[in-house]
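**Q** Here you go, one structure.
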Amino acid sequence: MSGPAAETPSAIQICRIMRPDDANVAGNVHGGTILKMIEEAGAIISTRHCNSQNGERCVAALARVERTDFLSPMCIGEVAHVSAGITYTSKHSVEVQVNVLSENILTGTKKLTNKATLWYVPLSLKNVDKVLEVPPVVYSRQEQEEEGRKRYEAQKLERMETKWRNGDIVQPVLNPEPNTVSYSQSSLIHLVGPSDCTLHGFVHGGVTMKLMDEVAGIVAARHCKTNIVTASVDAINFHDKIRKGCVITISGRMTFTSNKSMEIEVLVDADPVVDNSQKRYRAASAFFTYVSLSQEGKPLPVPQLVPGCGKPLQSPGT
Amino acid sequence: MSGPAAETPSAIQICRIMRPDDANVAGNVHGGTILKMIEEAGAIISTRHCNSQNGERCVAALARVERTDFLSPMCIGEVAHVSAGITYTSKHSVEVQVNVLSENILTGTKKLTNKATLWYVPLSLKNVDKVLEVPPVVYSRQEQEEEGRKRYEAQKLERMETKWRNGDIVQPVLNPEPNTVSYSQSSLIHLVGPSDCTLHGFVHGGVTMKLMDEVAGIVAARHCKTNIVTASVDAINFHDKIRKGCVITISGRMTFTSNKSMEIEVLVDADPVVDNSQKRYRAASAFFTYVSLSQEGKPLPVPQLVPGCGKPLQSPGT
Amino acid sequence: MSGPAAETPSAIQICRIMRPDDANVAGNVHGGTILKMIEEAGAIISTRHCNSQNGERCVAALARVERTDFLSPMCIGEVAHVSAGITYTSKHSVEVQVNVLSENILTGTKKLTNKATLWYVPLSLKNVDKVLEVPPVVYSRQEQEEEGRKRYEAQKLERMETKWRNGDIVQPVLNPEPNTVSYSQSSLIHLVGPSDCTLHGFVHGGVTMKLMDEVAGIVAARHCKTNIVTASVDAINFHDKIRKGCVITISGRMTFTSNKSMEIEVLVDADPVVDNSQKRYRAASAFFTYVSLSQEGKPLPVPQLVPGCGKPLQSPGT
């Protein structure tokens with residue numbers, strides 16, 4: 001495995017035992033738990049790097065997570081090892097690569113469970129609307145910079161595209177029929193608390209991703225009525241920061257089913273309840289892919305999505 | 001000075017420092033945090049009492065909380081003292097009285113913040129649908145038994161009445177106008193996890209109450225757009241147990257406003273997602289009263305609820 | 001029976017039901033969970049005492065925990081009773097003794113699980129680098145003061161010694177061989193969040209101890225590959241405070257094995273990521289003793305530590 005090298009000053013490793021609350025009833029660790037740890041490692045290493053030279057102090061805010069696959073399931077009692085390294089810097093952003101291993105400390109078995117790429121942007125501590133400059137990393141090979149630049153340009157393009165796609169929202173529907181989109185669509189509200197936030201009062205990207213995975217999982221479970229696990233997450237874009245005190249609504253709906261998997265769109269909207277001057281806005285969006293498992297952990301066929309529905313509405317309700 | 005004393009068998013005291021996560025942005029501890037501690041004390045003392053004689057082992061399940069007032073606010077850094085004692089037993093139920101004090105350990109000031117009365121029912125560990133008999137308590141005065149019996153009869157009557165009132169549900173609505181019921185109504189879904197449950201796989205009553213208060217607070221904040229705090233909770237009735245693995249939907253809507261306060265109805269519905277054989281059912285319901293506070297902690301006038309709305313729906317959507 | 005009694009001024013009692021997240025996969029409550037509750041009780045009673053006279057307000061910071069044994073295991077569903085009392089005061093420090101009982105509320109069985117002694121120092125709220133004076137306690141017997149003074153002098157001496165011992169750190173090693181120090185050594189990093197801290201922005205001693213126990217447990221499990229539990233903790237010294245926003249690295253390595261037990265050294269280093277002016281520093285250190293248990297809870301022989309290792313690395317690490 002190439003990935004991030006061992007403990008150069010620019011690498012970091014988090015490890016933690018998986019507990020019952022990290023997992024579903026069948027003992028499989030939630031994809032959201034893993035995404036949250038990945039983001040914590042990314043936030044530490046990129047904040048550390050962006051403050052490594054004298055100058056204005058800053059905090060690194062998550063801007064985007066590239067598509068990531070969940071290669072093998074993790075279970076309660078296993079130790080998750082999350083290692084992160086910086087692989088590219090542009091003038092105003094940092095690319096972090098993260099590997100996740102699961103270790104069964106009783107048998108010694110280790111498995112690669114995830115590889116992820118995250119993009120961070122340094123925001124000034126004095127003025128959170130000001131993006132600072134990123135100190136350049138030193139590349140060990142010439143090509144690394146060039147390859148990094150290509151990844152940077154590609155994600156920039158994709159981010160701009162998704163900005164346009166985000167007009168719609170989950171619509172409540174009358175008497176939904178089984179296996180329709182309306183039948184399984186779900187949304188939850190969450191009042192942002194202190195533990196959800198960075199020192200500067202913004203929600204950690206990892207907290208948002210954990211809630212997104214939770215909603216996607218409920219949509220998948222309602223559709224299948226079986227044990228379901230996260231198989232992959234499409235690129236997640238963070239369009240705007242979420243402040244402490246906001247109420248966030250996370251909505252999910254099934255957009256596609258194949259024989260073996262389900263695709264669920266998840267939207268995050270923030271509502272600055274107490275601040276009358278600001279309107280509700282779209283903060284993040286992504287597509288999650290889930291699979292259905294039997295009690296023995298074997299893949300099960302997924303009920304196909306049927307087109308019918310109830311009576312759709314034009315605007316958000318609940 | 002000798003070491004710490006042991007507790008008496010018939011009383012229990014829980015205390016804990018209030019942390020940032022227990023409170024809202026203004027530093028006021030959530031009513032739900034306090035309700036959860038009250039229920040933990042009640043569950044310990046009633047389970048202990050019901051198992052105090054030889055016979056079948058049981059766990060005490062919360063059946064009802066009487067109306068309770070939040071007499072003074074509690075703040076981050078203060079110590080909550082929750083003390084509980086058994087005050088009455090009928091053949092199949094236990095009445096527990098709980099007092100909550102807040103202590104400022106820097107100034108030594110103590111304030112009574114709550115008095116609550118809870119009713120528990122002992123369920124057999126072998127068969128959770130079987131209600132066991134409660135060992136009688138010894139009363140220090142004759143009248144105590146008679147007074148307790150009256151409270152028991154009164155709550156039994158009220159419980160039966162509320163069973164009939166619970167047909168309706170929060171309805172999503174098109175384009176709600178400000179200050180209407182539809183404008184502030186909110187609901188959240190929660191996937192029941194291991195830490196939410198007793199050893200026997202049922203959700204703690206306190207966990208449910210904390211979620212109910214959270215939804216009520218979001219409804220109140222959406223209506224007022226100010227700092228809001230729980231003033232009181234009407235009797236909460238627990239109609240049915242909630243099993244591990246359920247998805248619960250907690251819905252709240254404004255039902256009444258006076259000049260100084262808001263009344264919010266909260267309903268809890270449980271959906272045994274993975275178990276196809278069981279339908280969604282009403283698990284609990286209550287009315288919460290909230291007040292609006294200025295930044296200095298003074299009561300503010302509440303915007304009046306207006307009758308208009310959008311287009312209501314007939315059945316649950318989201 | 002009258003209502004619940006008020007607590008006496010000089011003692012405090014915390015109790016709480018043990019939940020799945022408090023325990024390992026075998027259902028044994030983590031030593032770290034118990035250490036955290038012990039410290040919460042100690043912090044409440046010593047902060048209360050140090051503010052009991054008029055004068056500058058302060059918060060009691062944990063300076064040291066004396067060696068403590070875990071006398072019997074605690075399980076999920078049991079109630080932990082933690083009671084604390086002040087047993088000695090010097091001019092600038094407070095000694096707190098804490099007892100922990102486990103209660104099985106189904107059978108009524110109670111067991112003593114821990115006795116611990118903690119030392120606190122009052123820090124001014126206005127200037128956290130200033131140590132205030134402690135109001136004297138009243139002793140019921142003359143000898144108590146003299147005995148306390150001896151304990152005070154003994155711990156002061158030991159604290160000074162350990163300061164010198166703390167130069168080294170866990171070094172990652174290539175291809176470690178089974179049963180060597182390098183094979184089981186582990187470290188985790190943690191970004192300090194609001195809920196980890198006191199009102200004044202410093203990490204609670206109990207939070208640090210819980211993380212230390214977690215790392216020690218991973219080291220022990222990697223070495224033994226069995227169910228392991230905390231048997232005792234050697235004196236824990238807190239050399240320096242940890243501020244909010246720091247990243248802390250907790251590292252553990254096996255230092256000794258006997259036939260029945262393992263000794264693990266745990267070091268805590270704090271890194272003020274955002275604050276460039278301050279260097280990484282050693283915040284705490286301790287030795288934990290673990291035992292290995294069979295599935296029936298019987299002690300198992302421990303594999304002996306072997307001297308060999310792999311190829312050491314030059315840079316600090318994992």
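In case you wondered, yes, glycine gets a Cβ from its N, Cα and C as well.
Take a look at what TrEMBL says about it:
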DOMAIN    C:8-126  domain 'HotDog ACOT-type'
ACT_SITE  C:Asn24  active site
DOMAIN    C:182-296  domain 'HotDog ACOT-type'
ACT_SITE  C:Asp213  active site
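Give me the structural setting of these features: burial, nearby parts and distances.
**A** A simple way to gauge crowding: the CB of C:Asn24 (active site) has 18 other CB atoms within 10 angstroms, across all the protein chains here. In this structure, C:Asn24 (active site) belongs to neither helix nor strand by DSSP; it is coil.
Secondary structure counts, DSSP: the domain 'HotDog ACOT-type' (C:182-296) has 26 helix, 55 strand, 34 coil.
All protein chains shown were included, and the count of other CB atoms within 10 Å of the CB of C:Asp213 (active site) stands at 26.
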**Q** Rounded to an integer, what is the Cα-Cα distance in Å between C:Asp213 (active site) and C:Asn24 (active site)?
**A** 12
**Q** Provide the three-state DSSP residue tally for the domain 'HotDog ACOT-type' (C:8-126): helix first, then strand, then coil.
**A** 23 helix, 58 strand, 38 coil
